[in-house]
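S.K.: Features from Swiss-Prot:
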SIGNAL    1-21  signal peptide
DISULFID  75-90  disulfide bond
DISULFID  82-95  disulfide bond
DISULFID  89-110  disulfide bond
């Protein structure tokens, strides 16, 4: 019976000591994996940031092209309706109420002086 107790005690001590070693190895392995995972996350984050910056640059470029092409005229030509409070008629033109043939429009138009 003493032999069984000694054997059991020996197996128990070996299991505990090897279990501790495995626990330490597992802890170190997990730390290595988390550090490796952080480096992968940093890499993925940098890659995503680069893609977003490229996309933003393209969008800003399109906006600048769009604003260049869709620029409003700075003055209104002859015979075009205008606002009496904010006349934008070109030089040599005046924003006046139409006479005779344009009375029914009830609007102001750019006419030559």
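Quick reminder: no glycine exception, Cβ is built from N, Cα and C everywhere.
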S.K.: Taking the disulfide-bonded residues one at a time (90, 110), which has its Cβ surrounded by the most other Cβ atoms within 10 Å?
M.R.: 110
S.K.: Which of 75, 95 (the disulfide-bonded residues) has the most other Cβ atoms within 10 Å?
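M.R.: Going through 75, 95 one by one, the largest Cβ count within 10 Å is at 95.
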S.K.: Distance check, please: Cα of residue 110 (disulfide bond) against Cα of residue 90 (disulfide bond), rounded to an integer number of angstrom.
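M.R.: The separation of the Cα atoms works out to 8 Å.
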S.K.: Long-range same-chain neighbours of residue 89 (disulfide bond), Cβ under 8 Å, sequence gap at least 6?
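M.R.: Result: 75, 76, 82, 95, 110.
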S.K.: Taking DSSP three-state, what's residue 110 (disulfide bond) in: helix, strand or coil?
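M.R.: DSSP call for residue 110 (disulfide bond): strand.
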